[in-house]
Every structure is written in C-alpha cells, then in structure tokens.
Amino acid sequence: MDIDDKNLRSLKNDTRAKLFPSCRMTLALVIMMGTFVLFHLRINLNFAVVCMVKEKPLNNTLRSTSNHICRHLNATVTNETIMEDHIIIGELEWDKELQALVLGSVYWGFATTQVVGGFFTDRYGSIKKILLLGMGLYSGLTFFIPLAARWNVGALIALRVVQGFCSGLTLPCFSVLFRRWTTREERSTLMSIGYSGYNIASVITFPISGLLCEHGFGGGWPSIFYVGGIIGIGWCCIVVIFVYDSPDSHPRITYEEKEFFQKYSHVDFKSKKASSYKELCQLFGSPAILAFIITQYATLWGFYSLIVNLPMYMKEVLDFDIADNGLFSAAPYVFSLVIHYICGPMCDWLTTKNLCSLTVQRKIFTAFGTLVPALMMFCIGLFDCESRGSILILLSISTAMSELAFVGGYHYSVLDVAPDYAGVVTGVSNTIATSSGFVSPALVALLTPNGTREEWLIVFYITGAVYIMGASVYAIFGTSEALDLTQRKFATVDPDVALPLKPNNK
C-alpha cells in the first residue's frame, strides 16, 4: 500500500469517527436553523396576506359565463350565493397589484446587498459579527410589520426592503462558513443539512401561519410576525454560543478535529486583500460562473413562483379554506425535504466512489432537477381544477425533484470552481437570481387578474420554459473544475480533490 492510499484511508476513518458529534456537525445544524429563520421571516407574509386582505368577489358576469372557474362552477349564481359562499375576511384593502408589490419588496433589498455581503464575507471582518448584525436587525424589524401594515402600506414596503438588506448581508456567510468547515468528501452531506432549513421553513411556515391566522393572539395574523421575530432573536443567541469563524478560533473544538482540519484543509482563514479588477473580470467572464448564475436564476424562478404564489393559487383556483390552504401549500415541500436529506449523502458517496467525474455528476443531478419540474409544470394543464389531488402530486414531484439540482447539482459547484471567491460569486449570483422573487409576483398579478385556471396555467408554462433554459445552459457550460484566474482557464486538477491524498505538513 502506497502513502496516498494510507492517507485516503485515514481521511475516511477520521470522517466517520468525527462527523458526529463534532463542531462542524454542530455548525451545520446551527446553519440549518439559520436558513429556516431566514426563509421563514421572508415567506410568512406570503401566507399572512391571504388573511390580512379583504377579498373582493369576482363580478357575476364572469362567474356565470366562464367555465374556467371551478370553485363556484356548480353554484347558483346570485348575489346572495356569492356573499355566502365567498366569505370576505381581512382588514386591509389591497388590490392584486399592491399585494404583488408588498410581497416582492423584500427581494429588492435582498438582491441589492448580496454583492456587498459577498465581498465582506470573503475579504473582511468576522463572519459571526456579520451574521449577528444581519439576522438581529432582520428579526427585530419583524415585530413592526403589523404596525406598519395597519398604518401605511408604503411604510410596510420600506420596512420589508430594509429586511431584505439585512438578509442579503447574512446569506453569503453560510457559503464561506461551509468552505472553511468542510472537506470535499463530506461537503454535500453537511451543506444539505445546513440548507435544509429552507425546506423545513417551507413545510412549517404555511400550516403554522394558517393556524395563527384563525387562532393567534394580537388579532390573528399579527401573531405570525411576533412568533417569527421571537424565533429569529433566539437563533442569534445560539450563534453567540456555537458559531466561530474557523476551526482555529473555536475554543471547544477537540484536538482530533483540529488536527483533521490542519491535515486536510488548505483554507486561509485570515483576511485577504480585495480582489483586483482583472481577477473579477476573469471570474465573471468565465463560462462556468455564467452558467452557474443562469442556472440558479432558472431554478429560483421556479422556486419563488411557487413559494410566493402557491397560497394564492390554492385560494383562487383550488378553493381551499385558510386552514386547508396552509396545510396543502406545505405538502409539496415535505417531499422536497425528504429528497434533500437523501441527496446529500448520496452525492458524497458518489464522490468517494469516483464512479464519474464531479462535473458529470453535477450535470446529471442538475438535468433531473430542472427537466422533471419543467415536465410537471406542463402536465398541470392536463387536469382541471377539480382534480386537486392530481395537481398537488404534480407540484410535489416538481418541488422534490428540484432539490436534486440544488443539493447535488449546480449549487455546490461554486465551491468547486472558485472556492476562494465563494462569497462574492454567491452574492452576485443571488443578486441576479433573487430578482425573480419580485418579478414573479408582479408577473403573476399581471397574468391572473381574475384568478382563473387558464390564467394560472400561463404562469406554470412560463415556469417550465425557464427550467428548460437553465438545464440547457448548465449541460453545455457547467463544470466543477477549479478556475485558474492567472491562466484564465480551468486547472487540470482541483486542489480540493488532491488535498486528501497529500496532507498538509503544518
């Protein structure tokens, strides 16, 4: 047995013995709670608006002549029937365009601070301090949403924009922490755990919001934001205790785990000089980074199109009441969460077995995670809105399979292609991709003025086409080979891949 085989076996033994319990597993769990809080505070308004706003019934002519509206299809069309069957709830009078403006406002701030957050996390300051600053302000401002909504809608929009600024500073921190606290052989597993908070928030937020709308304190829907703010402040307290910028700075890390990082990680934890203009031009001019950005935009378009608009679709087309709306809006994300947890360990297993190159692996997972959801979007048109069970199954398959692209596909390739620039690349990519968070609600409001089935099908078909665009671009230009900025070409050997075979002799 040569020395490389011995080192590889040592790495595998260390990984099995030390992953749980370990400081890096604790960090992954804390990040999981962080992504949950980050996304919960972002999407709780998506459901709260259903019970905040007074609902205006459609005009009688449209109800009687259209065969595309299912929820009153079998009802006798009279003013009395409409008022009895179509219960008006809520206290705020917002039309659909204004609702779309409110729902999309958090993404304006979120998009515009991603680049700033990425630069800071890559080059300056403490990751822990940035996390506490961003999430602390984000959570604290949540308590003021009910007051702002009742006082002035402009104040609410401004508050949500500021919340978006705060979350934009926070998100790139997670990518940098994972870069510092993981090795190639366990990265997918730990990152799948950390980013599963998004899925957990998608599963929990809507049902809990539905219950709080009907039975919560403070007038019902305001309790949604009070509970969210308390959860966010609680997470900040956990960060103070458990999160540290690097293994070297952690006071409770074991000697064995610290040795593990000293041997198998060449990450420089010290602050670096800001990147030169030439390096950044080369970085964002490379086909691999451009493919990453375009693919992320496509997948996030699909994700935001559902997460932002699904409660409204459930209400307008599938005619679920508030409690059922919360429950069934969350159903697709239950399956997504299961796939998320399966996919991470599967990717690490494929990496260690070396059955195919990492580039091929990423492309396969991205293809399944974009083309299958696209197919589901087109298949929804085959069912009328009385087939609510079939439509829910299609939506569940779409959201579940999209996790393949996120966990095993393009998303982690930024750590393969440009590991030293993970923060800034994530920031720029999120800036572009997150624009779908406010473009999608505005487009849906424009395309669905009457909330009919035919109008909503256009939304699903557009989403399917965007998914196909992302799949095509990544299939052609996507890669996981490390980018050499000095040569403006890809290195033949990824330094991260070689690390397990050649331990650092510090």
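Note that Cβ sites are derived from N, Cα and C of the backbone, with glycine treated the same way.
What TrEMBL records for 27-482 is domain 'Major facilitator superfamily (MFS) profile'.
The feature transmembrane segment is assigned by TrEMBL to 21-43 (among others). For the transmembrane segment (21-43), same-chain residues at least 6 beyond its ends with a Cβ under 8 Å from one of its own Cβ atoms are 106, 110, 131, 135, 138-139, 142, 163, 167, 170-171, 174, 177-178, 181-182, 186, 190-191, 193-198, 200-202, 204-205, 228-229, 231-232, 235, 238-239, 242-244, 247, 250, 252-254, 257, 307-308.
Annotated transmembrane segment per TrEMBL: 100-121 (among others), in sequence order.
Sequence annotations record features per position, and here TrEMBL assigns transmembrane segment to 130-149 (among others). Only residues 6 or more beyond the boundaries of the transmembrane segment (130-149), in the same chain, are considered here, and those with a CB under 8 A from a CB of the stretch are 34, 37-38, 41, 45, 52, 92, 117, 120-121, 155-156, 158-160, 162-163, 166-170, 173, 218-219, 221-222, 225-226, 228-229, 231-233, 235-236, 239-240, 243.
Listed as Cβ neighbours of the transmembrane segment (155-178) (distance under 8 Å, sequence separation of 6 or more from its ends, same chain) are residues 27, 31, 34-35, 38, 41-42, 45, 101-102, 105-114, 116-118, 120-122, 127, 130-131, 133-135, 137-138, 141-142, 144-145, 148-149, 187, 190-191, 194-195, 243, 245, 414-415, 422-424, 426-427, 430. Annotated transmembrane segment per TrEMBL: 155-178 (among others), in sequence order.
Taken from TrEMBL, the feature transmembrane segment applies to 190-212 (among others). With a cut-off of 8 Å between Cβ atoms, the residues of this chain six or more beyond the transmembrane segment (190-212) that come close are 24-25, 27-29, 31-40, 43-44, 47-48, 174, 178, 181-182, 220-221, 223-224, 227, 307, 311, 322-327, 329-330, 333-334, 336-337, 340-341, 343-345, 347, 403, 406-407, 412.
Look at TrEMBL and you will find 224-244 (among others) tagged as transmembrane segment.
Listed as Cβ neighbours of the transmembrane segment (280-306) (distance under 8 Å, sequence separation of 6 or more from its ends, same chain) are residues 107, 332, 366, 369-370, 373, 377, 395, 398-399, 402, 405-406, 409-411, 413-414, 417-418, 421, 424-425, 428-430, 432-437, 440, 444, 459, 463, 466-467, 469-471, 473-474, 476-479, 481, 483, 485, 488, 490. The annotation transmembrane segment is assigned in TrEMBL to 280-306 (among others).
Annotation source TrEMBL lists transmembrane segment at 326-343 (among others).
Below 8 angstroms of C-beta separation, residues 295, 298-299, 302, 343, 347, 356, 390-391, 394-395, 397-399, 401-410, 457, 460-461, 463-465, 467-468, 470-471, 474-475, 478 of the same chain, each at least six residues beyond the ends of the transmembrane segment (364-383), sit close to that stretch. What TrEMBL lists as transmembrane segment is 364-383 (among others).
Feature annotation from TrEMBL assigns transmembrane segment to 389-409 (among others).
The transmembrane segment annotation in TrEMBL covers 421-444 (among others).
The transmembrane segment annotation in TrEMBL covers 456-477 (among others).
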